[in-house]
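Participant: Just lifted these from Swiss-Prot, have a look:
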BINDING   His66, His68, His212, Asp300  Zn(2+) binding site
BINDING   Glu95, Arg147, His185, Glu215, Asp300  substrate binding site
Amino acid sequence: MNILIKNADIITCNASDDVLQGAFLGIKDGYIDFIDTKEDALKDFKADRIIDAKGKLVMPGLVNAHTHSGMTILRNFANDLALEDWLFGNVLPVEEKLTPEDIYWGTLLGIAEMIKSGTTTFADMYLHMEEVARAVSETGIRANLCRSPLKDSDKSVEDAVRCFEYFKKWDNSFNGRIKVYIEVHSVYLFDEPSLRMSAEVAKEINTGIHIHVQETLKECEDSNKKYGMSPAEICCKTGIFDVPVIAAHCVHLSDGDMGIIRDKGVNVIHNPTSNLKLGSGIAKVDDMLKNGINVALGTDGAASNNNLNMFEEMHLAALIHKGVHMDPTLIGASCALKMATVNGAKALGFGGEIGEISKGMKADLILIDMDKTHLCPVNDPVSAVVYSAQSSDVDTVIIDGNIVMENRELKTIDEEKVKFNVKEIAKRVLR
């Protein structure tokens, strides 16, 4: 379907940070065909749908670069705990009760929440990833999914085969909406041979790795006791960092760790809400950016956030570093927005395809209703998005050239059915 968006104010997130007013944007066969402020650009374009964006702001869809979407089932459960108590004492025991079908419904709820809050792409690491892929395929969202070749140490060969099969089935499927990486949960759950094997598998099938890195001080202390080196150092030693990497958190990096991550081209995912809620700390994002490290944003799971709202992550990322360092110039609005769009696209392996509004890019966009009291007057659109906008301001979402939400109505998800099923699942597993 060819879509024309007219009367559009557009934040492009391109290299020049262009912001256009009263522009026309054409979508053809899932790609951005043109962007122009002159009506002459329309003469050769035949639109199947015309969207009048007067009073709305068009911008790239947000990229949630680290989450566990099926954990919506555990939302508002086991709060106010340190990571180790939260994970080992509460979350893991409940997760043992979750069935593949449970994960399917939990993921659908997460996707519904993400689309309604302007997220068009996400990176997911969780259980029963076949069901996560099914939910992604049905809903039209874009995703980087990962699967481990070592789910069960007693069945490593069988799990490795299933990992290869998963990659073959889902990688680059659905018009390229799905990418598949290798899951390496963390250094504290994977021993050195497992880390090496995972790196070898990623190299063999030419893909990347999604891993948690140095989220807490305890993780760093335990790694130093066990290996005599930091998690970043052991990842470097075992080959984990020799492939494209999505490294979630990276809260406690020494200068040496940061040098490794910079030199290896590791993508860091900043999860400010989750890190604060679990008392993990605050990542040195400004130092990372000054070192040329690509930093994107993520929500983490709804069990530790407790939502999947990327507007909150942008807002918080733009505030906490100013306060901690007593420097209001750190992580400006434009920087926070780039972290949630183009940087996220690069981190997830979609760089050059999404994350900005430019001719030839895939049409992943959102329209924000700017006619709201809390946004008036707009003055600076980028600042308005980062500092004033709410997720509920997202009116329309387009992914891969398809309208998946319009006038806040989801087109690919039965929202009420999903909510009903997740409530029933939560009653069963949390009792």
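Cβ from N, Cα, C; glycine included.
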Participant: Work through the binding-site residues one by one (His66, His68, His212, Asp300) and name whichever has its CA nearest to the CA of Glu95 (substrate binding site).
Facilitator: His68
Participant: Ten-angstrom check, please: count other Cβ atoms within 10 Å of the Cβ of His68 (Zn(2+) binding site), all chains counted.
Facilitator: 26
Participant: Just to be sure I understand: of His66, His68, His212, Asp300, which binding-site residues have a C-alpha no more than 10 angstroms from the C-alpha of His185 (substrate binding site)?
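Facilitator: Hits: His212.
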Participant: Through the lens of DSSP with three states only, how would you label His212 (Zn(2+) binding site)?
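Facilitator: Once the DSSP labels are grouped into three classes, His212 (Zn(2+) binding site) ends up as strand.
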Participant: Compute the mean position of the Cβ atoms of His66, His68, His212, Asp300, which form the recorded Zn(2+) site, and then list in sequence order the other residues of that chain whose Cβ is within 8 Å of it.
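Facilitator: Going along the sequence, the neighbours appear as Thr67, Met125, Ala248, His249, Ile269, Asn271, Ser274, Gly298, Gly301, Ser304.
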Participant: In whole Å, could you give the widest CA to CA gap in the substrate site formed by Glu95, Arg147, His185, Glu215, Asp300?
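Facilitator: Overall maximum Cα spacing for these binding residues reaches 21 Å.
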Participant: Taking the Cβ of Asp300 (Zn(2+) binding site) as the centre, count every other Cβ atom within 10 Å, in any protein chain shown.
Facilitator: 27
Participant: Please identify which of Glu95, Glu215 has the densest Cβ environment, defined as other Cβ atoms within 10 Å, among these binding-site residues.
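Facilitator: Counting every other Cβ within 10 Å of each candidate, the maximum falls on Glu215.
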Participant: About how far apart, in whole Å, are the alpha carbons (Cα) of His212 (Zn(2+) binding site) and Arg147 (substrate binding site)?
Facilitator: 14
Participant: C-alpha of Asp300 (Zn(2+) binding site) to C-alpha of Glu215 (substrate binding site): distance in Å?
Facilitator: 12
Participant: List the Cα distance (Å, whole number) between His66 (Zn(2+) binding site) and Glu215 (substrate binding site).
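Facilitator: Given the Cα positions, His66 (Zn(2+) binding site) is 13 Å from Glu215 (substrate binding site).
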Participant: Round to the nearest Å and give the CA-to-CA distance linking Glu215 (substrate binding site) with His68 (Zn(2+) binding site).
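Facilitator: Between the alpha carbons of Glu215 (substrate binding site) and His68 (Zn(2+) binding site) there are 16 Å.
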Participant: Across all the protein chains here, work out how many other Cβ atoms are within 10 Å of the Cβ of His212 (Zn(2+) binding site).
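Facilitator: For His212 (Zn(2+) binding site), the count of other Cβ atoms within 10 Å is 25.
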Participant: Within a 10 Å radius of its Cβ, which of these binding-site residues (His66, Arg147, His185) has the fewest neighbouring Cβ atoms?
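Facilitator: Result for the binding-site residues His66, Arg147, His185: minimum number of other Cβ atoms within 10 Å at His185.
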